[in-house]
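As given in TrEMBL:
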ACT_SITE  Ser88  active site, schiff-base intermediate with substrate
ACT_SITE  Cys102  active site, proton donor
ACT_SITE  Ser287  active site, proton acceptor
ACT_SITE  His301  active site, proton acceptor
BINDING   Phe28, Glu87, Phe281, Glu305  substrate binding site
MOD_RES   Ser88  pyruvic acid (Ser)
Amino acid sequence: MTVTIKELTNHNYIDHELSATLDSTDAFEGPEKLLEIWFFPHKKSITTKETLRNIGMDRWIEILKLVKCEVLSMKKTKELDAFLLSESSLFVFDHKLTMKTCGTTTTLFCLEKLFQIVEQELSWAFRTTQGGKYKPFKVFYSRRCFLFPCKQAAIHQNWADEVDYLNKFFDNGKSYSVGRNDKSNHWNLYVTETDRSTPKGKEYIEDDDETFEVLMTELDPECASKFVCGPEASTIALVEPNEDKGHNLGYQMTKNTRLDEIYVNSAQDSDLSFHHDAFAFTPCGYSSNMILAEKYYYTLHVTPEKGWSYASFESNIPVFDISQGKQDNLDVLLHILNVFQPREFSMTFFTKNYQNQSFQKLLSINESLPDYIKLDKIVYDLDDYHLFYMKLQRKI
């Protein structure tokens, strides 16, 4: 189903005061820091009764303060908790989490407190006896090169410093600089080796985990203008009067740009559940979390300012399987590019299965994008994952 009005009123948590006062005038660094921690390979592998979803909201707020961001709103499904943040998003599953934060956030500074809470409240023991480091099932940390690195906190100004900091917490981490190693074109990745000694549980069946990310710069001005709250925004009648203006305008931006129609399974006649949470920032900017079939998400974040416009899309939806072969990630990409029409974009696709339909389709993507030229095309074999990276630029 596409987004409906009720999605404005069924939040499990919402901070109306923050939503009403948040101002994005000085928020200019769009590229996000993406931290993904798999504590266990699956929720059935968890060795105690408690899970990450048993951690209270006050604790998540405490963790996010260390990152220098706040919770705007949150929605729960049977499988995950999706937090819409003042700077991007947080997705919490029973056994893993994904934190994506933009601006000048200090993402890595949450690690010590996070593992402390996990140990004290969930009785999860990941600290090794030798060296005192942590050994969860898997850790990913990645980011595009920043537009304004000098504006970041010291820890995030230099990739080597971030890697050094991560190595204080984890063993067997590997660092990659993917693409052209200059100031404006590469993508950085840190990943730990999979801890194969982690108990998997009797009923454990390995998922064909996949993540698709598209990072876009120099958006078409007309496309970017759809994510700007002009002077008329203060006089717009609220779609749902009891909700704040930011969530109301976020809902309208989603409908106007058809970002709720990226996947065929979100169509009105689909029998899969579809939940939506979006926010329009003042004077400009947009963030949204969409949840499909209770456990899959896609998230978009837009900073439309002229001179440093940026938009990102990330999804863990196994599109070919869930659409029963009607759609793949190339279709998803074409939809996104049509909405934003960037001058440049890079994309990454992680999958455990090299024969994944979307992986194979993306390898020959050039034929489907006649308006773009390829700058980089790289494939990595990373432990138990395959990574496809590509950067393209619009033809002049």
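Every residue, even glycine, has its Cβ placed from backbone N, Cα and C.
Note that TrEMBL annotation is computational and uncurated.
Look at Ser287 (active site, proton acceptor): DSSP puts it in a strand. Comparing the binding-site residues Glu87, Glu305 on other C-beta atoms within 10 angstroms of each C-beta gives the minimum for Glu305. Look at Glu305 (substrate binding site): DSSP puts it in coil.
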